[in-house]
Amino acid sequence: MARSLYEWLWQHEFWLPPGITWEDMQESEDTHYPQPRDLLLSIPFALILVVIRCAFERAIALPLSTKLGVRDKQKPKAQPNPVLETFYSRRRKNPDQGELIAIAKQCDLPVRKVEKWFRRRRNMDRPSLSKKFCEACWRFTFYIISFFTGLAVLYDKPWLWDHRECWTGYPQQPLLPSLFWYYMLELSFYWSLVFTLPFDVKRKDFKEQIVHHAATIFLISFSYCANYIRIGTLVMVIHDASDCFLEPTKIFNYMKWKKTCDSLFMIFSAVFLISRLVIYPYTVLYNTYYYSMEIFQPFFGYYFVNVLLIILQLLHVFWSCLIIHMVYKFILQGTMEKDMRSDTEESDKDEEREKIREKEKNGITCFSNVTSNGYIQRNGSEPLNNRAHLANGHTKER
């Protein structure tokens, strides 16, 4: 059964244009084509990247965050409570009102205190500012290396300047060693992001990130197996261009360098919108959909790679809407809004509200105590006593 599945999966009709079979893709001493088994190397390379990342964050990024003044905010800790901790870890981290009332009765605590405990407990699990800084430093380092590696690999390649060259001789396009290692670098990095996804900072677009990583890995893998190497290298360079500006924007935001952060954000926004909404559709989508038809007729691989590229474009549109909204806020307010992808702490506003309530409550108590003693002071005047002095020197009880 496994052999039948293998033979069905690798039918040349799925992977190659009409009229081309696997016999036409046989290698020789001077000619090498992409082999699916090469992709297995990306798994150990990804694990190596994870190890390098851990060493980089501990030895470089974390000490750098301390020197640059990135300090973690002191979070109020939730008091130990076995019942609440069991509910938090085994059932839900954010119970509804009915569950809060039931838990409060079980613990013999006020509902407000139980709600406050869950809020503080959730904030304890949220990543610290130094963790966000280290993660941004690692991604920035990789994107810079990857982007300039891509430029170094592609600057003398004809398809970088003439996009029709992506399909000249397809699919019998030999695999150059530089292209192989560039592909392995990118694929290994995205596999490493998948491996560390449960431990990385979770943002509001967490689901979109999963879709993005899955689509990227499928796209890189399929383009390698089907020898879409040339179009694949263009996709990777275009994506790395804007990411080189995103991560330093986060870094300066964590450092509280507002002006530098705002400037980099505007540069990132311009590069992202131009590269993802203009260059990518023309250089990649139009190229793959239209120029490729000048060489071969549509087949399964043609439709599949275009679906993956369109999924990436839809994600580009989603993130572009977020960026445009942030730019709009920046123009109106004169400062960059907080990253809408970030999951901010709940305690900030809620704790302030509670403090205001307590102050108001204390103020009312003091006022009632003062009035009960008959002691009211207004506009800095002398206090009024219970006994008023009359003009004839006698006193009158109030």
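Placement of Cβ uses the backbone N, Cα and C atoms for every residue, glycine included.
Listed features, source TrEMBL:
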type	residues	note
DNA_BIND	86-129	DNA-binding region
COMPBIAS	374-384	compositional bias 'Polar residues'
DOMAIN	84-128	domain 'Homeobox'
DOMAIN	131-332	domain 'TLC'
REGION	341-360	region 'Disordered'
REGION	374-398	region 'Disordered'
TRANSMEM	39-56	transmembrane segment
TRANSMEM	136-155	transmembrane segment
TRANSMEM	180-199	transmembrane segment
TRANSMEM	264-283	transmembrane segment
TRANSMEM	303-328	transmembrane segment
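According to DSSP, the DNA-binding region (86-129) comprises 32 helix, 0 strand, 12 coil. Per-residue pLDDT, averaged along the domain 'Homeobox' (84-128), amounts to 76 for this model.
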